[in-house]
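Listed in Swiss-Prot:
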- Asp80, Asp82, Asp84: Mg(2+) binding site (BINDING)
- Cys81, Cys97, Cys104: Zn(2+) binding site (BINDING)
Amino acid sequence: MALDPEIASRLKRNADGLFTAVAQERGTGQVLMVAWMDDIALDRTMRTRNATYWSRSRGEHWVKGETSGHTQHVHSVRLDCDGDTVLLEVEQSGPACHTGTHTCFDADVLLAPEA
């Protein structure tokens, strides 16, 4: 199958045909991770509700949790105002980060909240 042409026409891709995907935890709103998608990954994600991404390093599609069991069930997909980023609202099973942490954004605080 191919991505719905109406959706595809709204996407702005980089030179490699990719766009940013942000995975946000359903319920908490916490950002879990950022990855890349292409049209095929978005189509697969929308058809299966299993988050599918594009690996730039491996040059292939991957389904989150396919090997680790740490899956992302996708509840909704939203396109940002510029058309270059999608927001996936997901139910995360296990850690989202490859380091074993719940989110990829808990390593270094560059600017702490004001007290």
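Note: Cβ is positioned from N, Cα and C throughout, glycine not excepted.
Residues near Cys97 (Zn(2+) binding site) in space but far in sequence (CB under 8 A, at least 6 apart, same chain), listed by position: Leu32, Met33, Thr103, Cys104, Asp106. Fewest other C-beta atoms within 10 angstroms, among the binding-site residues Cys81, Cys104, are seen around Cys81.
According to DSSP, Cys97 (Zn(2+) binding site) sits in a coil region rather than a helix or strand.
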